[in-house]
Each structure stands twice: as structure tokens, then as C-alpha cells.
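Participant: Okay, handing you the structure first.
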Amino acid sequence: MAASCHLKPLSCVAVCGGTHGNEMSGIYLAKHWLRDPMELQRSSFAVTPFLGNPRAIEKCVRYVGQDLNRTFTTEFLSSTEVEDEPYEVVLAREINQTYGPKGSAQAFDFMFDLHNTTASMGTYLIVDSEESLLPMHMCHYIQMHYTRSPCPIYLYKLPGEETYSINSVAKAGLALELGPQPQQVVRADLFSQMRDIIACALDFIELFNKGTVFPAFEIEAYKITGRMDYPCYPDGEISAMVHPKLQDKDFLPLNPRDPIFQTFSGEEILYEGNTTIYPAFINEAAYYKKKVAFVKMEKHTFSIPALSSSRVA
């Protein structure tokens, strides 16, 4: 294990619901907290709830012009405003100025981003990479203290890829993704789980700020390696469905020669990879437009060094 690391206490934390305007748990939680923020309050830091994509929320759609949660890259944030550019590009620059700027000392210390999925993934925690020390310690704390369901960790950034999500404008961040939940619907059980996980995560920040030393640990996480597209006809139309034996098997091993698709005429298509992978977002409704059937992941164990606030360093 590496030597213990020290980070500055957190003072400004944001919680975003509605980055996608049809994922309702985070939207209604953020609306609730905007009316009554009492349960977010902790003694050592301030929490600011906000709605990520108001126009998409009003229309109850994922986005209006383009996916807001893929728009926080240098390309978009540094672009000059032009006529008729997508609403989400303008919005991303506004969010970056309010909660960033990305990569600056003035940025919010931490941002939570609240999502739902139609896939049978349960409750899971999204971090950009295993090198993000504070979020990895937060995930470990949640796994130890939140007992209603397992909370696997999904590391979303591919090697060499720039962070692109809304919480990347803050110094650090964590996204929650709970499912399965249909788009445009809120389920009370998932709403309650999301609320409880945020409370647990805020408790972690409070302990960190007040000098708790979090020991080193080893932790299992799933790291993205790529995406599996649907088979298509020559004209680009999808030609097969997720195979029944793969459906709802998120985070479970997929071995070479296992069936992954079934054509509309009933033929099986097998996984032709050479190694076992772990699929996620299987048959996610939002990914049909991209023709993505699932995300491919590898399972790794990472050694995370001890962490404490620089206040007690």
C-alpha cells in the first residue's frame, strides 16, 4: 500500500438531479431539497442542490439538443457561443461557471450526480477512475455502511479519455445510478435508496472534515473497456435483440461463446471475445439511439492508500 494521503477539507458540495430530464428519482429529490434542504445540512460544509437540465426536465426527455452529461469537455466548455448551438452546450458553460470552472481552484469541492437506469443494475456508484482518492474512499464507506443493497463501483473513463460528465466541473465527484426504473417514472423504493446513499456520503464528508483517518484498503471495481453495439442491417437498422440468457445479468461474468444476441428470426449470436468480461447497462433504453447493447467491463482489485484531512496532517 502507498503512504497515507492528505487532502484539504471540503467546504462546498453540490447535488445535481435531472442531468437527464427523464430520470425521475434525482429530479424529485433535488426538487424536494430545493424546497427543504434541512436533511442535507452538515456542520462542516455547505450543500447546494440544483436541477441539471431544466428544459429537458420540463419536457420529461433525456435531453433537448444533445446529451448534457457528455458535454463537459474542453471542446464544448471553451467554445465560442454561436447561433443555433445546442441548448445543452450553452447550459454546460453556465454550469461550469457556477460550479467550476473545471480544473480551477475556485471549483466546488465535490458534486454528486443522480441518475436512473432502465437496466437491471441495482444500485451502483460511478467514479471516473481508481486514481480519484476521495471518491474511492467515499465508495468504500458507502459499501461498509449502506446495507440495503450491494453498491458495486463502475469506473467510467477510458484510458486517455477526458472526463466529460457534469460532476467533472467540481474538484471531485460521484454519480449514483439506480435501477431498474422506467424513464419518466419515479419508484418509491429507489427514491428512498438514493436519498439514504446521499445521506451516507454526506456523513463521510463530515467525518473526513472533522479529522477521521480512513485506513488503506483493497477494493473491487469494474472498469470500462468498451461498448458492444447491436448487430445491424446494411441500412443501419438494428437486426437483433439482447439474448434472453444475457438479459438482466449486469455485473455477472460473460464468457467467450456465451450467447449475447438473438436475431429477429431467432438465430443466436455468440460473444466472440477471448476473455471473460462483465457487462453493464444491458438493454438500456437510452442507448438504443446510439445502438449500444451494453458496456463491456473488466473486474479489478485496487489498493487504495489511507486518507485523512490535511487539517490533522
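Cβ coordinates are placed from backbone N, Cα and C, and glycine is handled just like the others.
Residues or ranges marked as domain 'Succinylglutamate desuccinylase/Aspartoacylase catalytic' in TrEMBL: 13-205. Annotation source TrEMBL lists Zn(2+) binding site at His20, Glu23, His115. What TrEMBL records for Glu177 is active site, proton donor/acceptor. As annotated by TrEMBL, domain 'AstE/AspA barrel-sandwich hybrid' applies to 218-299.
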Participant: Show which residues of the chain containing His20 (Zn(2+) binding site), separated from it by at least 6 in sequence, have their CB under 8 Å from its CB.
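Facilitator: Gly52, Asn53, Ala56, Arg62, Tyr63, Asp67, Leu68, Asn69, His115, Ala286 - these are the non-local Cβ neighbours of His20 (Zn(2+) binding site), listed in sequence order.
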Participant: Pick the one among the recorded positions Glu23, Glu177 whose Cβ has the fewest other Cβ atoms within 10 Å in this structure.
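Facilitator: So among Glu23, Glu177, the recorded positions given, the one with the fewest Cβ atoms within 10 Å is Glu177.
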Participant: Cβ within 8 angstroms of the Cβ centroid of His20, Glu23, His115: which residues besides those meet this for the Zn(2+) site?
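Facilitator: Here the non-site neighbours turn out to be Gly18, Thr19, Asn22, Gly26, Arg62, Asn69, Leu114, Asn116, Thr117, Glu177.
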Participant: Go ahead and report the DSSP secondary structure tallies for the domain 'AstE/AspA barrel-sandwich hybrid' (218-299): helix first, then strand, then coil.
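Facilitator: So the domain 'AstE/AspA barrel-sandwich hybrid' (218-299) is made up of 3 helix, 38 strand, 41 coil.
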Participant: Count the other Cβ atoms sitting within 10 Å of the Cβ of His115 (Zn(2+) binding site), across every protein chain shown.
Facilitator: 24
Participant: How far is it from Glu23 (Zn(2+) binding site) to Glu177 (active site, proton donor/acceptor), counting Cα to Cα, in Å?
Facilitator: 10
